[in-house]
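Chemist: Sharing a structure below in structure tokens format, with a few things to ask.
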């Protein structure tokens, strides 16, 4: 009963409210105005929601996904209540864009996305990865060394060229007065005088002279230090050496007698005795002092026989050797000159090397490496010594006993050589015979005609039998002579 009474009270209240509402509108115009105002209120609500939505997304501390879901829910509710929602959206899109509506939107940072990111940490760059000169010290050293090598190459090459030209200028007049041809480079078929040095490389210069009595020619070689090589320059700081001038005179066979003779520093003679074939065979004794002939203690003598020493050490030669002893490395006269010893892997050569009658001179340039162009002029008296030695070698002749002794020495050297090479020569002859037999057998086997092949075999057997018979006859003759 109580419930029924409560229900009746609710109905009465609802009816009174609705009646009061419709009493306010007396005519149809008021109803239309109410309807328009009613929709206007909802339009204000939509516009307020659009303008307030960015602030809600920015200021809220919740996730962006949740805020977006709430806004979409509100829009769907509004579309369900109003049938002309699409028309209103078209009107709002046609309205001009108002910049004041979004004022301050970009000024507020979006802190929601930063919360999910890790904090930024700044790592210190190691010192060896920084862009500083200390990081390129190795490259700097390499570039500096390369520049130093290039500069030393240019300076050293130019200095050697100046020294060579200074030597040639000071000796040119003397050479042209004694030789018809000075400076032939060998490029032309006919010998022509170029009047200049021939550069072999950066530290070696050659000069060929010919056209003089009693000699075929003279080769002058200026062997300077490798000043263009930086490593060689550094090595010379520890062990100084000198520039050298080497002169080789090839004599005519009829203008020089048979003897081997050398004079020079003791150290140089010992080295030559080990390296040169003729000095090691014909001058096997140790170098002897030249004090007997008035030579300084720094010089020694190697000679095949005493007669040669007596004949070569005249007053003028002793004068040259005494006054220029500091510049003389060695003086070597030989009719058996064949160069350095021949070293073969399979043993001794099967024949004696070819020999030439030769005069060799080796002079040291003053300065011990610190040479200047003016020092090259100091070698001019030594060139006079070379010219005098050529004439001296032509005039000097051994007596009868000396000639016989020289011939015995050469026969002894040849006999020793044949003994050393006898086994090798036998092996070489045996290998040649075997090769010949092998070729003969191959020729017989390759013959297609059986009859011709048989005849070739019979001929080979007959030759073998003849050889055996000859050997037996020789053995019988030897036995008869022995009896």
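From the backbone N, Cα and C atoms, a Cβ is placed for every residue, glycine too.
Below are the features I grabbed from Swiss-Prot:
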| type | residues | note |
| --- | --- | --- |
| SIGNAL | 1-20 | signal peptide |
| TOPO_DOM | 21-135 | topological domain 'Cytoplasmic' |
| REGION | 46-119 | region 'Disordered' |
| COMPBIAS | 60-104 | compositional bias 'Acidic residues' |
| COMPBIAS | 105-118 | compositional bias 'Basic and acidic residues' |
| TRANSMEM | 136-156 | transmembrane segment |
| TOPO_DOM | 157-483 | topological domain 'Lumenal' |
| CARBOHYD | 178 | N-linked glycosylation site |
| REGION | 424-483 | region 'Disordered' |
| COMPBIAS | 430-472 | compositional bias 'Basic and acidic residues' |
| COILED | 450-483 | coiled coil |
| COMPBIAS | 473-483 | compositional bias 'Basic residues' |
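Map the listed features onto the structure and describe their local environment.
Modeler: Model confidence over the topological domain 'Cytoplasmic' (21-135) stands at 50, taken as the mean pLDDT rounded to a whole number.
Within the same chain, residues 202, 226-230, 233 sit at least 6 positions outside the transmembrane segment (136-156) and bring their C-beta atoms closer than 8 Å to a C-beta of that stretch.
In three-state terms derived from DSSP, residue 178 (N-linked glycosylation site) belongs to a helical segment. Counting every protein chain shown, the Cβ of residue 178 (N-linked glycosylation site) has 18 other Cβ atoms within 10 Å.
Taken residue by residue, the compositional bias 'Basic and acidic residues' (430-472) breaks down under DSSP into 39 helix, 0 strand, 4 coil.
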